[in-house]
Protein chains: 4
Amino acid sequence: MRVDAFKLPTDGPADVRGLTALLDDGVVRADELVCVLGKTEGNGGRNDFTRDLAMRALEDLLAPRLGLPPARVQDRVVFSLSGGTEGVVSPHVVAFARSGTWSEEPGPKRLVVGTAHTRPFTPAEIGRMPQIVETARAVAELAGELRLAPADVHLVQMKGAIPRADHEAVLAARRARTPLRNDMVHSRAASALGVALALGEVALADLSDDVVCDDWSLYSGVASCSAKPGLQRTEILMFGNSDRATGDLVVGHTVLKDILDVDAVRALLAELGLPVTGGQLSPEQRAHVVGVFAKSEADPRGSIRGRRHTMLSDDDIDDTRHSRAALAAVLASVVGDPCVYVSTRAEHHGPLGGGPLAIIARAP
Amino acid sequence: MRVDAFKLPTDGPADVRGLTALLDDGVVRADELVCVLGKTEGNGGRNDFTRDLAMRALEDLLAPRLGLPPARVQDRVVFSLSGGTEGVVSPHVVAFARSGTWSEEPGPKRLVVGTAHTRPFTPAEIGRMPQIVETARAVAELAGELRLAPADVHLVQMKGAIPRADHEAVLAARRARTPLRNDMVHSRAASALGVALALGEVALADLSDDVVCDDWSLYSGVASCSAKPGLQRTEILMFGNSDRATGDLVVGHTVLKDILDVDAVRALLAELGLPVTGGQLSPEQRAHVVGVFAKSEADPRGSIRGRRHTMLSDDDIDDTRHSRAALAAVLASVVGDPCVYVSTRAEHHGPLGGGPLAIIARAP
Amino acid sequence: MRVDAFKLPTDGPADVRGLTALLDDGVVRADELVCVLGKTEGNGGRNDFTRDLAMRALEDLLAPRLGLPPARVQDRVVFSLSGGTEGVVSPHVVAFARSGTWSEEPGPKRLVVGTAHTRPFTPAEIGRMPQIVETARAVAELAGELRLAPADVHLVQMKGAIPRADHEAVLAARRARTPLRNDMVHSRAASALGVALALGEVALADLSDDVVCDDWSLYSGVASCSAKPGLQRTEILMFGNSDRATGDLVVGHTVLKDILDVDAVRALLAELGLPVTGGQLSPEQRAHVVGVFAKSEADPRGSIRGRRHTMLSDDDIDDTRHSRAALAAVLASVVGDPCVYVSTRAEHHGPLGGGPLAIIARAP
Amino acid sequence: MRVDAFKLPTDGPADVRGLTALLDDGVVRADELVCVLGKTEGNGGRNDFTRDLAMRALEDLLAPRLGLPPARVQDRVVFSLSGGTEGVVSPHVVAFARSGTWSEEPGPKRLVVGTAHTRPFTPAEIGRMPQIVETARAVAELAGELRLAPADVHLVQMKGAIPRADHEAVLAARRARTPLRNDMVHSRAASALGVALALGEVALADLSDDVVCDDWSLYSGVASCSAKPGLQRTEILMFGNSDRATGDLVVGHTVLKDILDVDAVRALLAELGLPVTGGQLSPEQRAHVVGVFAKSEADPRGSIRGRRHTMLSDDDIDDTRHSRAALAAVLASVVGDPCVYVSTRAEHHGPLGGGPLAIIARAP
Ligand SMILES: [Ca+2]
Ligand SMILES: [Ca+2]
Ligand SMILES: [Ca+2]
Ligand SMILES: [Ca+2]
């Protein structure tokens, strides 16, 4: 198996010219496309329609090439579009294509990517052990299919299930004193803990319904979870390095302890063969970087490095926009490229105030 | 002369407990206070009343200690409060006190600070040569008083005049095809060019009314100008290093070529005896840094490092907030402290998309 | 007793020139001031410092005139400042002064105003029956002091207690399955139900901990409650009409069933002797209106008049700003004056999507 | 000719279920559709992509039914989508279909609708007499085709040309002291003056380049103009009443003198046979109203009814959002329906602070 990836700047949410050219020029075949990750210039919130516009444009582009109606394109290609290009962030997508077969013989580890999904969840399962355990199962199974040991999994991007509950179910759960948790916060949290469990970052014995959104010492450094109201099952996208893959890409990850953790960024780049000598990658090094994916979070304790921050008491600008702007600028300053993908909310993704960072780069 | 400076985190715009303690404990005498620079948690725009609240609190604190009515305090102490603590920025003030006399003998260069103002301007002078030339004169005179050669001036913070014009004057100027420029953009621009002229950054021969806001190759790397409608004369606050000063502080400056210019930040820190070995100052080094002052700007050409940015087409969040969030995060990531002072709009302050940075630190 | 009221437009949050003139001219005596209600041009949210700035200006004005230090002024005069002048709303304050004694003989009913407070609350009491019952007690007692029958009470403005709880108390309450409700939503809700209980709008038998923020059919049409973290006891300001009062002012109230309930506004004006013949009060009628006080609410069910609204899914502008802008414009269009006071969040204040409206006017 | 119109609430910008049902049920034929006007839930500004999303959805719906590629649909059907559903405004579209032929005999006047466009403009013509005169010519010609006397034209909705100029043209014009006006403000202004000229609202003798954006006493009460960078020619959509048309719809218009001009709204409704007896149309009357179209404007003089407003000094929320929220609430309060279409910026559309209002209703 070989994975290729293409960083494609966009002129607007509906701009698919970059991918169109790759397809038209035969550089990428539509049926080899696995996923498209990208940043669009909305607010990243509930009324961010730039993601819908981007998906519609991608569906219209790919439907005829895949021989599918537009509404079925996402059964074949995963779109992970994150709104919010605050500060220096430049709108772009990274498209991943997979081709070839597994090598018979081991070689240097190279990027693999795969997708899976959990079984459907009931509303009562969300944010509790059943979601964690089933997510872990699906993640482990996918790692197996991709021939990845836990240590070789570096990014698990998920769209978490939030099945809707009717009013009676809500009331019944409340009366039973086990209020439903089928919301974005708890779905993301349980998704992350599911990854952590699957990859050995936390032990089953340490998990329970009570630790979810409560014991922040438990976390994954590899997960990157969103959650979508109405989704019945969680969709999983996994990136790792396998010695049976070919190509020239590798992925690595680290955990940022806070938004200013520039040394973790540098250490990860060094691991990927891109040691920063001054403060920023050289142009030659920078050309090796294909994708930078991180989770930001305004520290819920209200401070960073012992100093008060104001992100959580600002009623003009959402804290997600503040924290994305800040972390993205820090990442862009080290890499030297404002095409970085930072999404927000990082419950059980790294420690409080911190979160995971994964970088995909050409092997040196 | 000896200048001492104190970085004081605040809990809100009206929090003056830090300065109160310094005064009560006798660490600082009210009559030695020269200026208070700080960031307050407003939007930095027209409806940012956090600066007024902070100034009112400072006036109420200092008036009895200076034996002045509150409304006269700013005749004695300069307040330079900048709204907008986007992203990681932590609200704080830096208070500067000046004491003692000039040394008879030269020693190692140390921080000096002084204030001055221009003569009153007419509306027609703003944004044109008269403002530039008079600003240069006042800057040069102040440098002389502070015994500073041009190369020893590292930060000239100014509040620029914007005298109001009546409707007739506006119409007359329009009819004469020399429309008034008594607005914030042109006042800031001419202030910066005045500093540049005074310090030899640009030559008089290169200046004319036409270059203002047009020839962006002309700029100062030392100025940091705001402008205030209704102000008749420009207020000037100058920081530099003199060999006749004592104390343990020094100031340095550099020009950031854009928001991601982390190598310039590091070079300046090295100059100040604080070389960054990894990506960030060590805690010991960080303790030497007293104040970080910069100007940010969303590149008006709409891109950074060849990538499109969206700061200037966002009608939800002002570009000033985007660019402050980004530059402040970058600076904080190198210094390791979110107490940084970034103000916005940088016309003729450094190149397009870039701006000046000054750092005040304890000498090593 | 005689109450006088003065509508005073402001040029900014710190503008107290209107009240200063009244005091200097002897129109109002400082020791007769009971309260100042007003709108300031902030966002009305957590980071709205315009209220602090306005209070500081009022304290500085009144302290010498009351012979008190500024920090004690609010023990004597109630300031109820609401941020957010969205749309047409014009920043202003309404100052109320009380003088004279009760009449021996009954006359036409005229405006009275008085203040009181509850006992201190514990965190566990907030949002539950103890807060409701004690609030009702204090409201009833104040009505008695003001010689007001329940039907003569038309506006009870409250700043609700939110005593802080330590982490242990939070955990203990959670474990006991009676999670603390010491937040703004529950404090406002219980304050309103306390008023409703005191005035006979709801019966004690219908109240329980469970109905708070659950049974929206229970509400007050007279309450207007905010809540303030850290406040130990609830502060109460009551307006009503007494036949033992003199002066020329009266107050009336109604319940708006939603933001578009213009007929309720007109009916209330008619009751006050100001029938609207076209769509708006005539200039002569308008001159009779001294204060317009309402509560707005984006209907939590997401629709108004059967049509979807988008106020609750907007991550750029808070729903409080949307609903204030809308209701204030409707009120201003009927009265013909953009000096209206609309505050937001209306839990158990009128029905879902609706809220109370009180108007103070000169008797015809 | 007969025009039918359908008010269709939407669940999101891409929701075309209402129109789909009309087409599927044979109520409307795709080839009879003339235009779709509607409000989408974006910010109405530069980064509002909800209009693009809505247009894309409409194109995808209509393309197969019109036998056209999606990109050609707008050659046949005019989409006038306005972003910004502030306050109570409910997202919706109004679709207009035209069928049949002109009556031979005159009858009661009924709604007609038609489209046209100007010749292409050069950048130098925009905002000056050539744009005004050519717009007037095209408007007059279209009125003739629709058999409308000037007094029978009630709404002229336009998308104004803004041809792009290269840098040399900009400089040349500046040097010639006739700086280009190819911006949204001037294009809208000249479009409106073009309508005013065509319909006799202003005289040619009163027009000149100098009056544009200067003499605000000159305006149209019928125009509703936007402007689009890159558009070469202005697109015109005209609504009026003809005695040779059939159907059951009529259109009327008025000029609001400011945002609170509720009496003008009521007078217009009365003209349309819908006199308001209380403050709001009755449900039966309301059912007659198909479309409400207005222009709002934060009075540039900073006050309304002699009271200061804060819409133009708010750096958190754009003044367009404030003024739309306010005017839409006022209109919705009279009609009793939050499906109203208010767009902003009203240069030479009604007086300063005011603007035109058109209502389309079923004849009584
Ligand atoms: Ca985290
Ligand atoms: Ca610059
Ligand atoms: Ca309510
Ligand atoms: Ca107008």
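Backbone N, Cα and C atoms are what each Cβ position is placed from, and that goes for glycine too.
Note: TrEMBL annotation is automatic and uncurated.
Under the heading active site, TrEMBL lists B:LYS159. Of all the Cβ atoms in the protein chains shown, 22 others lie within 10 Å of the Cβ of B:LYS159 (active site). According to DSSP, B:LYS159 (active site) sits within a strand segment.
The active site, nucleophile annotation in TrEMBL covers B:SER226. In the three-state DSSP scheme, B:SER226 (active site, nucleophile) falls into the strand class. Packing around B:SER226 (active site, nucleophile) is summarised by its Cβ count: 20 other Cβ atoms lie within 10 angstroms of its Cβ, all protein chains included.
Among the features that TrEMBL reports, substrate binding site is placed at B:ARG51, B:SER82, B:GLY83, B:ARG188, B:SER226, B:ALA227, B:ARG324, B:SER343, B:THR344. A C-beta separation below 8 Å, combined with a sequence spacing of at least six in one chain, links B:ARG51 (substrate binding site) to B:PRO13, B:THR40, B:GLY42, B:LEU81, B:SER82, B:GLY83.
Feature annotation from TrEMBL assigns region 'RU A' to B:1-104. Here the region 'RU A' (B:1-104) is broken down by DSSP into helix, strand and coil counts: 34 helix, 30 strand, 40 coil.
Residues annotated as region 'RU C' in TrEMBL: B:249-364. Across the region 'RU C' (B:249-364), the model assigns an average pLDDT of 97.
According to DSSP, B:THR320 (site 'Important for substrate specificity') is assigned to a helical segment. According to TrEMBL, the feature site 'Important for substrate specificity' maps to B:THR320.
Taken over all pairs of the listed substrate-binding residues (B:ARG51, B:SER82, B:GLY83, B:ARG188, B:SER226, B:ALA227, B:ARG324, B:SER343, B:THR344), the Cα spread reaches a maximum of 19 Å, rounded to the nearest whole number.
Its Cβ taken as reference, B:ARG324 (substrate binding site) is surrounded by 33 other Cβ atoms within 10 Å in the chains shown.
With a cut-off of 8 Å between CB atoms and residues at least 6 apart in sequence, the same chain places B:GLY44, B:GLY45, B:GLY84, B:SER296, B:ALA298, B:THR344, B:ARG345 near B:THR320 (site 'Important for substrate specificity'), listed in sequence order.
Listed binding-site residues: B:GLY83, B:THR344. The one with the lowest count of other Cβ atoms within 10 Å of its Cβ is B:THR344.
Put simply, B:SER226 (active site, nucleophile) is 15 Å from B:ARG324 (substrate binding site) when counted between their Cα atoms. Separating the Cα atoms of B:LYS159 (active site) and B:SER226 (active site, nucleophile) is a whole-number distance of 5 Å.
B:THR344 (substrate binding site) falls within a strand segment according to DSSP.
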